[in-house]
Structure formats: C-alpha cells, structure tokens
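J.: I have a structure I would like to understand better, so I am pasting it below and will then ask my questions one at a time.
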Amino acid sequence: MPTIILLRHGETHWNRQQRIQGHGDSPLTLKGIDQARAYGRAVAPLLGAAQWRLVSSPLSRCMQTMAIFCEVAGLDFAQVERDARLKEVSTGEYSGRLKAEFPPGELGGSGRQSWFFHCPGGESHDHMVARLSAWLESLSENDHVIAVSHGIAGKVLRGLYCGWDPDSALAQDSPQDALFLLRDGQMQRLACP
Ligand SMILES: O=C(O)[C@@H](CO)OP(=O)(O)O
C-alpha cells in the first residue's frame, strides 16, 4: 500500500469564526501559519531517502499550508500536484454561513447522517467516498505521498485507507496540530507541537 502523510490545513479565519467552509475558502490565521510551520518541523525528520510526492487540495487554505510546510521541511513547492479529489465536502448553499445562524439542532446528526452530507446543493457521503477512493486507487503500491486536505475529507480518507466502518471514521477528530502517518493499512497519529 502507498505510504501517506496526511495533513489538514492550518486554522483559517472562517474556522475561527465557526463559519462553514466546504468549497468556500478563507486564508490562514497567524495560528494557522504557525501550525503549517509545525507540520514542516514534524515531517522533516520522517522524510528519509524516499521520493515524496506532494499533493494538495486546490483550495487556497491547503495550498497556503503546503507552501509554508514545504519551506520549513525543505521540500520544493514547485513539485506540488493539485488534486480536486482532495477537496472538502461541498456544503452547497451553507458555505460561508456562520454555524450560529442556524437554529439549535439543525446542524445535527452523526456519521453519514451528519448535516454536512445533507446541505442544500451540497455533496453526499457516497459522492465523497467515490472521489477519495478514486484518488487512493490512483496511487501506486510504493508511492510515498504528503497530502494536504481537510477535516471531513481527512476522516473519510483515513477510514478508507485503514478499512474502517464509515461512521467510526467520521467519529474521529480532525486536528490542525497533529498529522496522520498512513502505512501498511494502519494509522499513526503524531503530534505537531
Ligand atoms: O468546511 C469546513 O467548514 C471544515 C469542516 O471540517 O473543513 P476544513 O477542514 O476545510 O476547515
């Protein structure tokens, strides 16, 4: 199986405001910039002699994270591949809205029943699984990949890689101060202080 170091982008202004992003976008906060630097410091000692492919969701919060990460880790940002299959779930018409705007309980549900897979004009869990599975299947057995993606996309991806039941995968957290090393079908979480 391919080896993947999976990162979520650093904190953004909309994350801080509790504003729904989806395919909308906002830049990193200063804290998010520091988190991207911390990813670079944590990953540099893991690189060894392998030839790492660098792949990012094209959303600017991921590209910004990747640029800072590359500079700190000593990797070449010019080599970064943008892959739309790594985008966050589309939250359709809810993108850009504050979570606080919604009546209590409206943004509820868990696992595949979570509100974020049922937004008007948004993306279903099945659609997201199809595109993330296609990305995983496009990798070669011996690939070493550093991927920058998103909170929900990252959970689904970790679940697909490790073969977890989808609802358990979605019950995971989506930190911006830890990375996930995916190797031989297993996941290791490493703090990035
Ligand atoms: O879209 C969002 O609001 C969040 C949800 O997790 O995703 P991201 O990881 O891009 O902040």
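Backbone N, Cα and C define each Cβ position, glycine as well.
Bear in mind that TrEMBL entries carry predicted annotations, made automatically and left uncurated.
Fair warning: this is a prediction, and the values are worked out from it, not measured in the lab.
From TrEMBL, here are the annotated features:
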type	residues	note
BINDING	Arg8, His9, Gly10, Glu11, Thr12, His13, Trp14, Asn15, Arg61, Lys99	substrate binding site
ACT_SITE	His9	active site, tele-phosphohistidine intermediate
ACT_SITE	Glu88	active site, proton donor/acceptor
J.: Show which residues of the chain containing Arg61 (substrate binding site), separated from it by at least 6 in sequence, have their CB under 8 Å from its CB.
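T.: Once residues fewer than 6 apart are set aside, Arg61 (substrate binding site) is near His9, Gly10, Thr12, Gln21, Asp25, Ser26, Pro27, Leu28, Gly32.
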J.: Do you know offhand how many angstrom separate Arg8 (substrate binding site) and the residue listed as 'active site, proton donor/acceptor' by C-alpha?
T.: 10
J.: Sorry to bug you, but what's the C-alpha spacing from the residue listed as 'active site, proton donor/acceptor' to Trp14 (substrate binding site), rounded to the closest Å?
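T.: Spelling it out, the Cα of Trp14 (substrate binding site) and the Cα of the residue listed as 'active site, proton donor/acceptor' are 14 Å apart.
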J.: Using a 10 Å cut-off, grab the number of neighbouring Cβ atoms around the Cβ of Thr12 (substrate binding site), all chains included.
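T.: Other Cβ atoms within 10 Å of Thr12 (substrate binding site): 23.
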J.: In sequence order, what residues of the same chain, 6+ apart, have a Cβ less than 8 Å from the Cβ of the residue listed as 'active site, proton donor/acceptor'?
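T.: For the residue listed as 'active site, proton donor/acceptor', the qualifying residues are Gln21, Gly22, His23, Ser57, Leu59, Ser149, His150, Gly151, Ile152, Ala153.
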